[in-house]
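TrEMBL has this to say about the protein:
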type	residues	note
DOMAIN	48-287	domain 'Calpain catalytic'
ACT_SITE	49	active site
ACT_SITE	203	active site
ACT_SITE	227	active site
DOMAIN	507-542	domain 'EF-hand'
């Protein structure tokens, strides 16, 4: 046992597990009970209870806990005094190895401990997480949803229960059906004190079920709540111990619900009481889960950076949710943007998410209400099938930082594609007509039904180019170029575009045209071969040497230059070949 001064001046002793117990009572690594329970020791720092809520939630679901606490570790079989834990960090699971020394004061563990005096998995897990974050003191500054993310790899959202939908049972059932973890808390009183009806203030409870119960007075919706680290019970209506409401429920129905008349930390309460006596709800959306017979959320990730301009992502929704009771055909989604390494860099950006359908209207159709300096910002909602633009943004201009964007959808139908990264100087001369003129050209060249086919696009682009600073380059525009452009934006596979789809394509063409003008240094209406990689990067495409060799062979003229129509065709082809991670264009045998 070693002693040192630390943790706000306390004299701390480091307690070695092995060798501190008699042989007939060896320390236990994993669970001594089917249901694990953890609690804060008397001398614990109250700020650490945010971590406790995450660990307690994991302890209810062994599959999740075993991802963080790898099994087959013990104090025998070649034990070397160390343990390994895993935590999710920015898209991947990282291992953290620690020794078996634990901080104590007066022979008591300072932070987390187990009711079983020789069970130490929670204390060791806490130490590993402290090492990941930079020390025990760093744990004082956390948020509960951060720990849930780090220990599940899911996307976590904090909701005010008062603002949840009126049909709360259906809302909760949908979350549980997708395997979500739900924690709830009442933060209106002092830490660890009990409400007169038994709810402990500032402690996380787990919501594990929503049931429609038959009573002699009709049906009633109840929620099942679990206090993972204590035995305190709800003492209001529908109390397991003395609630007279259970007299209206048949014994068979009570057995179906698994009602147990004892103080075990698990209880039922009405939905109305849940609204009244709990304030916050933390929902963790999982991308893999054995908790549900329904396939959980499908997740697409993108690692990127904020530069001088906020990046933009093409977001395509095609398959509607499977909701037999839903009258509207919509696609559910959860977006999450996470700042990477912000504490390590000592920088906290204020960030938010915006979804646009038409960038020219300058008004998002979905967005966060305000910017937040939290590590991760979440935006949940539903949208009709269609094409959208996601913009993760910072509150101030010209800020730089790395981020992780995650897009969760029920049907796995999202196509995420980076379409811009760099802020470019705006060309002083117009190369293409304004939107009003383009709409007139669309009516002029497209068929009476309002659809644009490849030949229509060829005629439209030819006339549009002839009226701008790139006049003359239309001679390089081939029908093959227009066929490919139409196929890129055609979501129905019918080789024609309606007006909204054409608008999306036109926004791309305008963006690519501006890039072309910026990098056409000598104003020849052609890009030199060495200018092409920089232009592609400005379009959000990083091409390696092999890609550039293929560009030289396939997309250049005889003088190794790329014409304006050829550049549009090139960017479109490369953009359609980028893998879902959107980070770097590469050729491989894997399907993207």
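Cβ atoms here come from the backbone N, Cα and C positions, even for glycine.
Computed from a predicted structure; not experimentally measured.
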Per-residue pLDDT averaged over the domain 'Calpain catalytic' (48-287) comes to what? 86
Let's see if you can do this one: DSSP helix, strand and coil counts over the domain 'EF-hand' (507-542), in that order. 23 helix, 3 strand, 10 coil
How many neighbouring Cβ atoms, not counting its own, are there within 10 Å of the Cβ of residue 203 (active site)? 26
Taking DSSP three-state, what's residue 227 (active site) in: helix, strand or coil? coil
